[in-house]
Amino acid sequence: MARHPRWTLSQVTELFEKPLLELLFEAQQIHRQHFDPQQVQVSTLLSIKTGACPEDCKYCPQSSRYKTGLEAERLMEVEQVLDSARKAKNAGSTRFCMGAAWKNPHERDMPYLEQIVQGVKAMGLETCMTLGMLNESQAQRLANAGLDYYNHNLDTSPEFYGNIITTRTYQERLDTLEKVREAGIKVCSGGIVGLGETVTDRAGLLLQLANLPTPPESVPINMLVKVKGTPLADNDDVDAFDFIRTIAVARIMMPTSYVRLSAGREQMNEQTQAMCFMAGANSIFYGCKLLTTPNPAEDKDLQLFRKLGLNPQQTRVLAGDNEQQQRLEQTLMTPDTDDYYNAAAL
């Protein structure tokens with residue numbers, strides 16, 4: 001059963017056509033019904049395996065098909081990941097997201113992934129991963145390890161999708177979201193503005209997300225970061241008001257979801273970001289880099305928070321800074337079965 005009434009494309013189109021200030025007012029009212037408007041959830045994103053991805057996503061510098069100057073890197077060592085998580089927590093993040101440039105993880109990678117989830121969770125941080133497509137077994141193993149969120153974006157509308165990606169179908173993305181949900185992991189899924197899509201495509205993306213059996217708990221809205229060497233490097237800039245409008249419509253359609261102001265913040269001024277928060281955005285990525293693209297420095301974000309009277313949201317998780325953390329960190333690098341496989345060692 002759907003948690004909310006199903007939306008139609010005509011209803012979503014009507015929202016996009018509303019006068020902007022009226023739309024912002026409606027979005028802010030809905031936002032205040034479900035969230036503290038002064039609280040912003042703060043996440044940090046780390047690339048645990050960079051580049052050499054076999055996919056052909058036209059926006060992505062990590063694709064092996066494009067010459068962007070990005071050098072491929074092997075999987076990070078477990079302790080490197082945990083050290084980055086500690087730094088993220090000390091900087092104020094409450095959720096640590098880990099991404100790998102894969103079409104999908106291999107079975108041999110699963111023990112490594114399970115261990116870093118357990119290690120990060122033991123620090124009292126929420127955990128999130130984006131690893132490509134998952135099968136049922138992989139989703140359940142990550143759930144059993146304690147993974148809180150799994151990110152798998154739809155990127156755009158079903159109609160425009162084939163113009164951007166051909167190596168993975170839209171239905172495969174939806175199937176992964178279903179497997180994640182069935183495993184008991186919270187869903188993080190959103191899209192990108194600036195791919196060359198129309199307003200109808202933006203409406204179609206949000207329609208897909210909002211009409212999932214349960215809408216995503218987290219909805220990242222990205223502004224395209226144009227990277228030289230990718231097919232979309234010369235795309236037109238996104239109008240700030242169009243981006244703000246997309247945030248507002250997402251908030252109205254998914255009132256209880258966290259709407260994340262995601263990639264592209266480095267190219268937004270403070271006024272644009274402030275209007276995004278007014279439109280209902282209540283989550284950001286914090287730190288100087290999102291996988292391989294720039295993000296505002298931590299001190300700039302703190303200054304903006306002070307100017308706007310915003311505060312990082314505090315999150316409690318079941319595992320915290322206690323003896324469990326010490327025990328896990330002592331055993332993380334010690335194989336306990338003959339089948340132990342350390343993906344980082346390859």
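Each residue, glycine too, has its Cβ placed from N, Cα and C.
The [4Fe-4S] cluster binding site feature in Swiss-Prot is assigned to CYS53, CYS57, CYS60. According to Swiss-Prot, the [2Fe-2S] cluster binding site annotation covers CYS97, CYS128, CYS188, ARG260, on the basis of sequence analysis. The domain 'Radical SAM core' annotation in Swiss-Prot covers 38-256 and is backed by sequence analysis.
All features noted in Swiss-Prot, drawn onto the structure.
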residue	record	DSSP class
CYS53	[4Fe-4S] cluster binding site	strand
CYS60	[4Fe-4S] cluster binding site	coil
CYS97	[2Fe-2S] cluster binding site	strand
CYS128	[2Fe-2S] cluster binding site	strand
CYS188	[2Fe-2S] cluster binding site	strand
ARG260	[2Fe-2S] cluster binding site	strand
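Spacing of CYS128 ([2Fe-2S] cluster binding site) relative to CYS53 ([4Fe-4S] cluster binding site) is 20 Å (Cα to Cα, whole number).
Ranked by how many other Cβ atoms sit within 10 Å of their Cβ, the binding-site residues CYS60, CYS97 place CYS60 at the bottom.
Here the C-alpha separation of CYS60 ([4Fe-4S] cluster binding site) and CYS97 ([2Fe-2S] cluster binding site) works out to 18 Å. Cβ-based crowding with a 10 Å cutoff singles out CYS188 as the top-ranked of the binding-site residues CYS53, CYS57, CYS128, CYS188. Rounded to a whole number, the distance between the Cα atoms of CYS53 ([4Fe-4S] cluster binding site) and CYS97 ([2Fe-2S] cluster binding site) is 19 Å.
A sphere of 10 angstroms centred on the C-beta of ARG260 ([2Fe-2S] cluster binding site) encloses 24 other C-beta atoms.
Across the structure, ARG260 ([2Fe-2S] cluster binding site) and CYS57 ([4Fe-4S] cluster binding site) are spaced 21 Å apart at their Cα atoms.
Within 8 Å of the centroid defined by the CB atoms of CYS97, CYS128, CYS188, ARG260, the record's [2Fe-2S] cluster site, lie the Cβ atoms of SER43, LEU45, ARG95, THR130, TYR149, ASN151, SER218, PRO220, excluding the listed residues themselves.
Note: the CA-CA distance between CYS188 ([2Fe-2S] cluster binding site) and CYS57 ([4Fe-4S] cluster binding site) rounds to 19 Å.
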